[in-house]
């Protein structure tokens, strides 16, 4: 059964949910505490992400099982009546004119002398005394309101105008603007505006809608998670059904097939390695994040067809928990798979597994051998390594310097072209939205919106990154992308020089780009290749030596 294309989302302080708009019968409801979390991590830092069941299930997502959404009971100066007209909630000011003070004058007069016995002159005198006293109080009233009314009125009008602009924004249905306004309210700790905008946003986002509606669903959940955890813990959410390792791997493989991003990075890096190693008889590739080992399939096939005897290939791979979970086992699974492939192509092969995190590796762990030519591969992993913004030891630069100490013939770098490392929350929110919206748009071209696997691909492969970028801070935020110019600075300072990709590699990448439908772009910048979607560069690939 396919998932209904129309969903709505509900939010009750701590809960964010995605539910079918019409068919609530095909549902399963989650309760906090009776299901296990599903989590995945990079480099030891856990990150979890939302999941939606798409087969006869109703999934309620809850951000942070230990914390409820903050109570939003702060007093307001402006609210809106049912007809959306602003209504003041200003507290009434104490009366400046006290009736008791005026009556005291009269009572005093009554006690001293009866008005009935006063002659005309005395009566007029007493009346003037009473008028003077009363006029004096009126003057105080006027002076007081001269100072109070303009200030309160100005504040009221500004607040009313702000809410009017937000009402107009909602009526326009500009989801991007609303998400940004909500994020700005979160950044400014404006809880009343945040709660109101979240209640409006939940009506507009949908995991089966257009690209911004789908991305908006995960960004809204990330904002809820940020408030629930105050940015101090990794976002956690219950799942209807925890996917098996093979299911997660199938999601990753589908993304690999429908979008060229990873394939572009792997192909360009392999082309550079094959070019520089064409005369070598022994090649040692050190891959700091080997994942499923899929990158090296095409390289083994390529060297097998080299004139003369193929070189001996030795691959050293580092593991990570996400990949280990996806493959349902450790690196020995990758080594066995690549060994069988190499044997089928008559390529001498050896696999060396390192189970330490890249931040803990030392030179002696790499087991270098005399006479081998070394290639170091940093494919989509350095942005997970903490730098000086997080850790004084600056593991990011340390790994680049470690690579330089190996005297490699080539170092390949593939990274997402995004600036999220040290940006404050709100600019990072905008950067995340613009970047991932381009990816969601490209998926929209590749897969129909009703495709049953599209939701799983976006949730398991992309939503986790979005939530980590928005909901987490400090060491718990493991998604820390940098732009190409920053990577250039790091590699140059370590003593590397650029190694431009040759024309054959560039031509192969262009052929790859043309095999995908959509608005993909490819350009070369100072020896680096940049793959993008329309005007948004998404992936950069470069080589160093």
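First residue shown is number 1, and so on along the chain.
Using the three backbone atoms N, Cα and C, a Cβ is placed for every residue, glycine included.
On a predicted model such as this, the values are computed, not experimentally measured, just so you know.
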Q.
Tell me which of 32-52, 53-73, 74-94 corresponds to the region 'Disordered' entry in TrEMBL.
A. 74-94
Q | Among ranges 135-167, 333-365, 366-398, whichever one TrEMBL labels region 'Leucine repeat II (LRII)' | A | 333-365
Q: Could you check which of 268-272, 273-277, 278-282, 283-287 is flagged in TrEMBL as motif 'VHIID'?
A: 283-287
Q | Helix, strand and coil residues within the region 'Leucine repeat I (LRI)' (173-233) as assigned by DSSP | A | 43 helix, 0 strand, 18 coil
(Q) Summarise the motif 'VHIID' (283-287) as counts of helix, strand and coil residues per DSSP. (A) 0 helix, 5 strand, 0 coil
